[in-house]
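Please read the structure below before turning to the comments.
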Amino acid sequence: MARETDDTHLTRAPAAEDTRSDGERAEPVTPRALLVRRLGLAAGVLLAVTVYLLMPGEVPHPAKLTAATAVLMAVWWMTEALPIPATALVPLVLFPVLSPEVGFDDVGASYGNNIIFLFMGGFMLALAMQRWNLHKRIALAIVGSFGASPALLVLGFMAATGFISMWVSNTATAVMMLPIGVSVLLLVSQLREAEKEIEAEGTATQETDDERALTSSDASEVVKSKFGISLMLGIAYAASIGSLATIIGTPPNAILVGHMSQNHGVTIGFGHWMIVGAPIAVVFMLIAWLLLTKVLYKPEITEIPGGAELIRSERRKLGPISSGEVRVLLIFLLAALSWVFVPLIWRYLVGSTDDPPIGDAGIAMVIATLLFLLPAGAQRGVRLLDWEAAVKLPWGVLLLFGGGLALSAQFTDSRLTEWIGEVTADLGGLPVVLIVVIAAAGILFLTELTSNTATAATFLPVATAVATGIGIDPMLLAIPVAIAATCAFMLPVATPPNAIAYGSGYVSIPQMARAGIWLNLIGIVLISMATLTLAVWVFDLTY
């Protein structure tokens, strides 16, 4: 009888092929999300028209149009009425159509800004590192050097995450590091369960991983542990903090560089930014580690037996380093050293005060070309990077850069910047320190609910216009706005690494908010201090 059933099963007709289009197979949007989109779509248009009509009559039409477009894009970005990269295309539609003196080519030039090619090259380098697992090998090497103490292990994970996030997107870094962290937590859970069994049975026999399976109660115990909370939050926060160190680490930094170059004639070199960004990242990382492991979520255990062996096991799984990894590592070092030292060599050895013949974007394109050109050595015809891998590049982020730069260019060209400066001139009586703190605090808490890139693209032109109006260097407000846009630690929706940590199940929203509010407040102080000291010194600012 059973055989007949099996034969019937074997001769059963195959399931019908799904002939629906990709659009028909798309997941429907939830009613709540659909409502938010529709409200955002309508509110954006309504507020844009209102702003245009309420602005004084002496303000020229191009300036009114730019202000209205900025409001429209801000609302659509915040509510995701359209996909965020699609909203970035709005300047290509509104400015040429509604402002006759603005040509399509004038607006389109912003979408080919050199900062976009810098980020494109950085993305391709990151994709090559991911393709050959170099980023994971580097991360495990860093983590493995910190020992088996829970607090030091958290520091090791944060250091590795922060370093990788300087070059690879913080989302990809968090996605890579979280599973390794979870492996450590599961090991701790298994060891705890084994200790309980030993105590209950009065025996020194301990089961191996192969002899017993992890139960659901183990996971719940880890979820409740402070070590689990500090490790998961440490990885998430380090992914954001580490990205502050370089121009290519986080989009707001790149938007700042593009905006200052395009609209204020200020060139921010890769090495110069690192002198400001790297100390902020290091100090902030150490403060976050101390806050998590010594104050808020101090681990209950003092040592993790087998923790170092687990990291070594993960490294062994990678096998010996491949020729592809070696070559990508060499190109990575070439890129990092070139970005830092080419401007210094050109200025101090060549003795020229002009910009070097090849800038940061040019170096990025050389690096990208080398990745496509050089063979990996592993298999015949395989290169370090091919187009199948490179096409995974986040093109939407590049469009977002273009939209933000196009909007900021119109702030200047339409003379909206001058009008904002005149309106805010009375703020000049306030202390500069207070103005910087207000700018950092406002953006930092706003970006808890909005895209950090969209926030930077929207408010950088406003910040520099206000700075010009009150008579201080535009960089004094642009820098805190850009840095604060990346520093969001309270909510899962604030940044992808936060969402990934929350989605792991080891951290609750109240636990994240408890740590995040302190880091937000510390971030405001740290950003303000760095702007008024390091940035003033590096960029020769006056106030």
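Each residue, glycine too, has its Cβ placed from N, Cα and C.
According to TrEMBL, the region 'Disordered' annotation covers 1-27. Positions annotated as transmembrane segment by TrEMBL: 35-55, 107-127, 139-160, 166-188, 227-250, 270-292, 326-346, 358-377, 389-407, 427-446, 453-472, 517-539 (among others).
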Candidates 35-55, 107-127, 166-188, 453-472, 517-539; stretch with most C-beta pairs under 8 Å toward the transmembrane segment (270-292): 517-539
Sequence-remote partners of the transmembrane segment (227-250) [C-beta within less than 8 Å, at least six residues beyond its ends]: 118-119, 122, 150, 153-155, 157-159, 161-167, 170-171, 173-174, 177-178, 181, 184-185, 188, 257, 268, 270, 273-274, 277-278, 280-282, 284-285, 288-289, 292-293, 296-301, 360, 364, 452, 483, 486-489, 495, 497-498, 500-501, 504, 506-507, 511-512, 515, 519
Spatial neighbours of the transmembrane segment (35-55) far in sequence, C-beta under 8 Å, 6+ residues away: 29, 63-65, 67-69, 71-76, 78-82
Top partner of the transmembrane segment (453-472) among 107-127, 166-188, 358-377, 427-446, 517-539 - counted as Cβ pairs under 8 Å: 427-446
Distant-in-sequence neighbours of the transmembrane segment (517-539), which means Cβ under 8 A and at least six residues beyond its ends: 237, 266, 268, 272, 275-276, 279-280, 283-284, 287-288, 291, 296, 432-433, 436-437, 440-441, 444-445, 448, 475-476, 479-480, 483-484, 487-490
Among the ranges 166-188, 358-377, 427-446, the one whose Cβ pairs under 8 Å to the transmembrane segment (107-127) are most numerous: 358-377
Same-chain residues at least 6 beyond the ends of the transmembrane segment (427-446) whose Cβ lies under 8 Å from its Cβ atoms: 455-456, 459, 463, 466, 469-472, 476-477, 480-481, 483-485, 487-488, 520, 523-524, 527-528, 531-532, 543
For the transmembrane segment (166-188), sequence-distant contacts whose Cβ falls under 8 Å of one of its Cβ atoms, 6 or more beyond its ends: 122-123, 125-126, 129-130, 135-136, 139-140, 143, 153, 157, 160, 214, 218-219, 222, 225, 227-228, 231-232, 235-236, 239-240, 242-243, 245-246, 248-250, 281, 301, 304, 306-307, 310, 314, 332, 336, 394, 495-497, 500-501, 504, 506
